[in-house]
Amino acid sequence: MTVAVIIVAAGRGTRAGEGLPKQWRDLAGRPVLAQTVAAFAGLGRILVVLHPDDMGLGMDLLGGSVVLVAGGSTRSESVKNALEALEGSDVTRVLIHDGARPLVPASVTAAVLAALETTPGAAPALAVTDALWRGEAGLVAGTQDREGLYRAQTPQGFRFPEILAAHRAHPGGAADDVEVARHAGLSVAIVPGHEDNLKITYAPDFARAEAILRERKGLTMDVRLGNGYDVHAFCEGDHVVLCGVKVPHVKALLGHSDADVGMHALTDAIYGALAEGDIGRHFPPSDPQWKGAASWIFLDHAAKLAKSRGFRIGNADVTLICERPKVGPHAVAMAAELARIMEIEPSRVSVKATTSERLGFTGREEGIASIATVTLIGA
């Protein structure tokens, strides 16, 4: 028996939020699609069906570990394209799986393959246990008997020659490959599905999926707290850069880079949470290449380092301490810029300001200080 796995990820759905197709969004430190591919590692050859515009992304993410196939205008066309790519091979069994189901247990896949020894098709499903209603105009119009009803899952498995012929003969518009198979007269066995095998569709599904992954690893949540502090003195100039935003002022800030005191404090907070020292360790002020450098370079490095270590940024809080300039009118733009660099939602970033009540060097308007706090959450 030679197995091929077809992972269908050609959709453009953004119901899960953030404007990015869900298969490319991060899940526990890796894109959803990478997690899905990993679930079938070692089983056989893997074909990943992508939207034509995403072929470059697929190559960057998966390289030569899989065969990339350009999808069609419908799911059925996408699957057929992958099946056609297998014609002439030695494949005898094919598993067709949703790219947005990254948590399929190996036991489910094994059950599907075992069933194919006695039937031309097999698919996992869970019996419907909730009460079912029929609705009309927002009102309950009746109830539906749930006896014999199932929630379909994937991978849906078939003997290769039969499902290829079925797709070639199907007129199109099928909800899934079981419908295509049944249209061709093929019997499809139901094998037990699994609650972990959820299809990521909406934003809350990501939190549920990450919880399942943590439970599988036997890990409690790894939460780290980092603090950062920075100070820069005023010098001659007509503006300051705070949290990536140019703010008009009667003075500038003195520093080896662009002296963005808020971004420096936040960057140090991330490094601190990772036990990675401070900016000076990674970007020494003695190195002339960083003279006048934009501070987003430092923050971007820290955020990517956190991600590479398996952490996501839970939230960031930056406090700027100065008498002038006024930060309030620019705070929203500052938070948005920090969020953009760290690739997190703006709602997870806070920028605010306070004074030292005319005390100390900030009270004497000799410079600006900043304190930042960040939480890192392990995947």
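Placement of Cβ uses the backbone N, Cα and C atoms for every residue, glycine included.
The region '2-C-methyl-D-erythritol 4-phosphate cytidylyltransferase' annotation in Swiss-Prot covers 1-223.
Taken from Swiss-Prot, the feature site 'Transition state stabilizer' applies to Arg15 (among others), supported by sequence analysis.
Residues or ranges marked as site 'Transition state stabilizer' by Swiss-Prot: Lys22 (among others). Lys22 (site 'Transition state stabilizer') falls within a helical segment according to DSSP.
Residue density at Arg146 (site 'Positions MEP for the nucleophilic attack'): 13 other Cβ atoms are found within 10 A of its Cβ, drawing on all protein chains shown. DSSP assigns Arg146 (site 'Positions MEP for the nucleophilic attack') to coil, not to a helix or a strand. The site 'Positions MEP for the nucleophilic attack' annotation in Swiss-Prot covers Arg146 (among others) and is backed by sequence analysis.
Neighbour list (Lys199 (site 'Positions MEP for the nucleophilic attack'), Cβ cut-off 8 Å, at least 6 residues apart, same chain): Asp98, Ala100, Arg101, Gln153, Asp205. Taken from Swiss-Prot, the feature site 'Positions MEP for the nucleophilic attack' covers Lys199 (among others), and the record attributes it to sequence analysis.
Positions annotated as region '2-C-methyl-D-erythritol 2,4-cyclodiphosphate synthase' by Swiss-Prot, on the basis of sequence analysis: 224-379.
Swiss-Prot lists Asp230, Val231, His232, His256, Ser257, Asp278, Ile279, Gly280, Thr354, Thr355, Ser356, Glu357, Phe361, Arg364 with the feature 4-CDP-2-C-methyl-D-erythritol 2-phosphate binding site, giving sequence analysis as the kind of evidence. A C-beta separation below 8 Å, combined with a sequence spacing of at least six in one chain, links Ser257 (4-CDP-2-C-methyl-D-erythritol 2-phosphate binding site) to His264, Phe283, Trp290, Lys291, Gly292, Ala293, Ala294, Ser295, Phe298. Ser257 (4-CDP-2-C-methyl-D-erythritol 2-phosphate binding site) falls outside any helix or strand according to DSSP and counts as coil.
Counting only same-chain residues six or more apart in sequence, the Cβ atoms lying under 8 angstroms from the Cβ of His232 (4-CDP-2-C-methyl-D-erythritol 2-phosphate binding site) belong to Leu253, Leu254, Gly255, Ala259, Val261, His264, Gly367, Ile368. His232 (4-CDP-2-C-methyl-D-erythritol 2-phosphate binding site) falls within a strand segment according to DSSP. Residues or ranges marked as divalent metal cation binding site in Swiss-Prot: Asp230, His232, His264.
Swiss-Prot lists His256 (among others) with the feature site 'Transition state stabilizer', giving sequence analysis as the kind of evidence. On its own chain, His256 (site 'Transition state stabilizer') has Pro285, Trp290, Lys291, Gly292 as residues at least 6 apart in sequence with a Cβ closer than 8 Å to its own Cβ.
Cβ-based neighbour count (10 Å, all protein chains) for Thr355 (site 'Transition state stabilizer') stands at 13. Thr355 (site 'Transition state stabilizer') falls within neither a helix nor a strand when secondary structure is assigned with DSSP, and so counts as coil. The site 'Transition state stabilizer' annotation in Swiss-Prot covers Thr355 (among others) and rests on sequence analysis.
Arg146 (site 'Positions MEP for the nucleophilic attack') sits 66 Å from Ser356 (4-CDP-2-C-methyl-D-erythritol 2-phosphate binding site), taking the CA atoms of both as reference points.
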